[in-house]
Amino acid sequence: MNNVLHLAYLVPLFPLLGFLINGLGRKSMSKSLIGIVGSGAILASFIVSVWIFMQVKGGNTFTAEYFNFISADKLTIPFAFKIDQLSSLFLLIITGVGFLIHVYSTSYMHEEKREHFGRYFAYLNLFVFSMLLLVMGGNYVIMFIGWEGVGLCSYLLIGFWFKKPEYNKAANKAFIMNRIGDLAFLIAVFWLIWKTGSVSYDTILPAVKEGTSGLNNTDILVITLLLFVGATGKSAQIPLYTWLPDAMAGPTPVSALIHAATMVTAGIYMIVRSNVLYSLSPVTLNVIAIVGLATALLAATIALKQNDIKKVLAYSTVSQLGYMFLALGTGSYIAAVFHVMTHAFFKALLFLGSGSVIHAMGGEQDIRKMGGLAKYMKITNITFLIGCLAIAGIPGLSGFFSKDEILAGAFMKSPILYGIGLFTALLTAFYMFRLYATTFKGSFRGTHEQEHHLHESPAAITFPLIVLAILSIVGGYVGVPEFIMHGAHSLNDFLAPVIVSVDHGAAHAAGHLSHSEEWMLTGISTALIVIVVVFAWTRFSKKPDTAEPTGFGKILANKWYVDEFYDAAVVRPLNKLGDFLDNMLEKPVIDGLVNGVGKLVNYSSRQLRLLQSGQVGSYVLLMVISMLLIFALQFFLRK
Amino acid sequence: MPINYYIILSIALFCIGIVGVLTRRNAIIIFMCIELMLNAVNLLLVAFSKMHHLAGKAVLETAGTDGQLFVFFIMVVAAAEVSVGLAIIVMMYRNIHSVDVNFLNRLKH
């Protein structure tokens, strides 16, 4: 039976084929064919993923080794896929949400030229392929290949409309920021190879658990911290988060798939995958919790004053990712995975909804020029509202369950973490309903022409919205907390084999909350969130926030001036250094050396050229003299 | 007759050839000087061939005769060379009405 799981390679194979077909045939294939190939490839791997998930649910986990990827001295790195509970769940999220977004894109990108349409789907398929490699890889090297692949696709898709220079800059920013994290990741992998001689999960993780891996506490601390730095790059945490809001330059479906639902959760996947290591390093866990919480709070405050519909969602994504890292830092790995899943549903829904709005508004993204769209776009309105309710954490929707679990975990660790986490949740509810009310309620504030064109989007756009809205509602019921219904947290049971509880780890140090305490916490947070939602809804429906911000609001609207700070602290000094080296080292020394060699050859050949005078007599004379010299030389050497 | 005489004569001829080539500008005279050098070599080959034959004929009937074979080859090649060279000189005279080799340094441009 196990051998059947060898077919797991089909999952990434389909998107790869889709990439090749669309990429090579983009000039000759019709748009509908490109759309069918692109979406069909993802649908096919979704079907295989469902089948794999069923196998795994039946207790059938497996590591499939296909061939030796790298073999050098004692180090052997196999090209292996690890199929277990964690990766099969991520496969479902990636291919499922990915398929919906591909379908959505066939309509959203339809105005592009055929060639660019094909290029778009090729990139999107390549992205899904890389993401699947990242998740399925059976060792850190395969994961790193996917890790780089998704970074590349992210770069290509942010800069998809490459004719606008600022979009290219955003793409560069994302890529460079990610490189910083990638370097740390790579060093961590080298460190693992150096200390353990292996990179396979199956070799390292059980050995770490047994304490026979050869890693001492310092090694584990350094490795986990480096891996976490890698995660801050990919998953947009402080200090490397600033690329994600700029990444909104890409097409909206890309923002939904890459910069909300899948790629940015790679860091969380990686940490959950190595949870054994992290549980042994309480210091790293504390760092993760603090960084995650700080990111969540910072991004939430920035989102309060953003007026670009996608920017609000982008900062909300950063904030939610911070939440997931808070969960990781408090040792509730399952809650983090749970939130990854629910967040993938409702954030993809919100982004696709915003895409539908932008589509209807003819490319307008400023919410101050929208308003009252509920009348014109019924399906988008309802689904967007569901997304907002889910992210705000209204009971009954998916966000409620996952967020509550994270907050409970934070409370167990420290009430301060809980307090800030709850405050962030309130901010989230506030800015999401500011966004919703400003966009969909009140009266229309755009031009007459725009109003004339307002319409509900076609079925290829509304269908994914409806499916994601349903998932945003029911997605939470796989993780109903213990205190509401005993034994209903099926996700917990499902993922339990992957999460290794270490006796002296931080995860279980704080003990468990009693049911009455949990009821109380949930009650408080729910009540506060409902109050905030009602307040924001009524306030921004009547009087939208269109005035230019002043005072503290201006600082928030300018994102705490973090970009300016980075510019002054890192970018400009680096440019200065580059200029300095250019003037002092490059031009005089290196260029001088290279040009000098050229000049020397030039000069000496000009002198030698004079020998070739064309006078036959001088040639013969030279010949005779040289022959005499040779004879003389031979004569003396003979002695 | 001792071999030394042949060698001295040969060197004298060769040097006359070289000096001729170096100092004269008339193509025909240069040509004749080259022939002189070739014949100096021929003379030397024949002289040594004879010497080796006298010394080794008791052991081998044909000892030292290959030097004379070389001479024949050189004469054949020289004859061919003369015909080509003279043809060139004739063409040169037709074109520039001179057989002065220095006149031909225009080739370098």
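Using N, Cα and C of the backbone, Cβ positions are placed for all residues, glycine too.
Annotations in TrEMBL come from automatic prediction, not curation.
Ranges compared are A:214-233, A:494-513, A:554-573, and TrEMBL records transmembrane segment for A:214-233. If you look at the transmembrane segment (A:519-537) against the transmembrane segment (A:32-54), you find fewer than three C-beta pairs under 8 angstroms, all six or more positions apart, and that falls short of contact.
Here the transmembrane segment (A:382-401) does not touch the transmembrane segment (A:254-272). Their Cβ atoms form fewer than 3 pairs under 8 Å, with each pair 6 or more residues apart.
Ranked by the number of CB pairs under 8 Å to the transmembrane segment (A:458-480), the listed stretches A:141-162, A:312-338, A:416-437 are led by A:312-338. Using a cut-off of 8 Å between Cβ atoms, the transmembrane segment (A:254-272) and the transmembrane segment (A:416-437) share fewer than three residue pairs, counting only pairs 6 or more apart in sequence. Tallying C-beta pairs under 8 angstroms between the transmembrane segment (A:174-194) and each of A:141-162, A:312-338, A:416-437 places A:141-162 first.
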